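Q: Please find one structure pasted underneath; my questions will follow.
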Amino acid sequence: MGNFKIYTSFKPKGDQPKAIKQLVEGIKKGYKHQVLLGVTGSGKTFTIANVIEKVNKPTLVIAHNKTLAAQLYGELKELFPYNAVEYYVSYYDYYQPEAYIPETDTYIEKDALINDDIDRMRHSATLSVLTRQDVIVVASVSCIYGIGSPDDYMSMHVTLEEGMKTERDAMLKKLVEILYIRAEEEFRRGAFRVRGDVVDIFASHCLDKAYRVEFFDDEIDAIYEIDPLTGSRQKRLQRIFIPPNSHWVTPEPRLKKALETIEEELQERIKYFKERGEELFAERIEKRTRFDMELLSQFGHCHGIENYSRHLSGRLPGEPPFTLIDYIYAGPSKGDFLTVIDESHVTVPQIGGMYEGDRSRKQTLVEYGFRLPSALDNRPLTFKEFEHRMNYVIYVSATPGDYEIEKSGGRIVEQIIRPTGLVDPKIEVRPATNQVEDLLEEIHKRVSRGERVLVTTITKKMAEDLTDYYTTVGIKAKYLHSDIDTLERVEILKDLRLGKFDVLIGVNLLREGLDLPEVSLVAIFDADKEGFLRSERSLIQTAGRASRNINGTVIFYADTVTDSMKKAIEETERRREIQMKYNKKNGISPETVKSKIKDILSSIYEKDYVTVDVVKEEAEEYELNEETIKKLEQEMKHAAENLEFEKAAEIRDKIFKIKEKMLKLGMKLTV
């Protein structure tokens, strides 16, 4: 069995040794759920790495977006250079799911651009968990989405050995069966090329190596690892393992059976539609399904093959799909593995929200004859199914949610001390009545020292107006909101760090992982307005944005002190005292964190499948109909009569948005 081994000159410091010891002991005692409550900058990843090394179990690390997953992957790969550290996220650079809009009779075909590097890494991840014990997979929510059967993936691989008796053409046929293609000109991953008795194979999990198999009559004479670009031999091998080029591979007998059961379901569905007089839907489902069946029978594959996964894997209706987690169970660990859920207060709700979002879209496709009902079984796991598959779990967060605290039975391991000595920012409460002018004075102080300021407001309108006002009085300010796309978000945050502007204003600056050491002041307007963005957890997370700077300060602008504010202040003060006591005892003088400007990319959120917005910047969309518009117009007039002009303007903007969406969907408007 392979053992995990960390290679680094760093040693655990501060709270890390205690946290590592407690978590390891908890696992040894059989505690299935534990919480690591670690503040920003306390080295939580290093702690988790040490736990992995000591418990020596295959580990699944789940992050709530691709970029944070990539950051964790990079850190763990550096710490474990001789173990298998893998990356498993959605392989789509662009993803438009298949959908149907009944109101306009609009069918949107699935459209996707697959990232070849990520596809390779997914193959590498599944192969590692199936064949190794010393494996860490850093994944996004993709790990609960359906892929093909691990048993089929393993049983259909091709193993080749020097001296093995096999015909060249028989081997080529096997490669085609597991979806490799012949490519003489463009030799790429998932392809093979033939030159007489020499066959080069570029396996699905390989990056910078390929294999050369040399035949003599009906025997493998030699096997080499080669450079795929130059074709030069690197080393001689005795044996190679070629996994399928897709996770959706099916043995021929099961494929034949699957086509029979698809036919049976198709006949039932045609009958269902005809009995209801829905001839168009009956014709549609027959035409579309028969086209796919023809491709499956000829090539073993078709566009949207995942929609037939229940038939292809032989599962019963309603049974959960195979996921990455099933591959872990099928490997050497047999399910004895560790799961680490990073930023659990965000990731846990996201995992829980995947199933319903996926089902509602597919339900419409089924109802209107675009897909068979069995397509609903190509889905992510429900939260209960996910829970059932977990073994040992560590939830990692600076502000763990109620679910994590309850599941752990209060077994919370704290990591409050930062090895750098940085102390949590001091929180001040000031009156909201003069917040704009008061903050202006504070901004001038920070700008004169070359520091930056973050400001959070209650509404987007207020963020925009505040930005305009500060700009007119000579402050270099910008605002950030949910309508700004990922790439522009990168640039804005990068420019803030570079000093191209000094003040960033927004509604939701709750970005766990935001690395902005130049920020010395976080101002929270209307901190006493209770709600998700002013909850205890949100206030602590937002305040944490100033924790990387030695001059870090937080100002709560409020006319009253809410329960959430009180708890956030008390918790921050508790953490400050622990850190200051440690600093005094060890003679540590804290310094502002120094990080390269390029690191800003690690803080940008990318969507993976349908990312659930746990933190919303505005209310859920209204229903798209004229009744809604009339109702909102009445509310707008009422607000104007009461001299609530800002509220009236917000309602007016919502009405414009609804009308714009209705027109885009081809819906009639008479108001």
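Glycine residues also receive a Cβ, built from the backbone N, Cα and C atoms like all the rest.
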Q: Pick from 67-90, 91-114: which range does Swiss-Prot record as motif 'Beta-hairpin'?
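A: Among 67-90, 91-114, the range Swiss-Prot annotates as motif 'Beta-hairpin' is 91-114.
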Q: Given a 10 Å Cβ-Cβ cut-off, pick out the one of the binding-site residues THR40, SER42, THR45 that has the most other Cβ atoms nearby.
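A: Result for the most crowded candidate: SER42.
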Q: Tally the residues of the domain 'UVR' (626-661) by DSSP class, grouping H, G and I as helix, E and B as strand, and everything else as coil.
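A: Helix (H, G, I), strand (E, B), coil: 33 helix, 0 strand, 3 coil.
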Q: Within 8 Å of the Cβ centroid of the ATP site residues GLY38, VAL39, THR40, GLY41, SER42, GLY43, LYS44, THR45, which other residues of the same chain have their Cβ?
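A: Surrounding the site, in chain order, are THR47, ALA398, GLN415, ARG418.
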Q: Which residue, of the binding-site residues GLY38, GLY41, GLY43, has its CB surrounded by the fewest other CB atoms within 10 A?
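A: Relative to the other binding-site residues in GLY38, GLY41, GLY43, GLY41 has the fewest Cβ atoms within 10 Å.
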Q: Specify the count of other C-beta atoms within 10 Å of the C-beta of LYS44 (ATP binding site).
A: 22
Q: According to DSSP, collapsed to three classes, what secondary structure does THR40 (ATP binding site) have?
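A: The three-state answer is coil.
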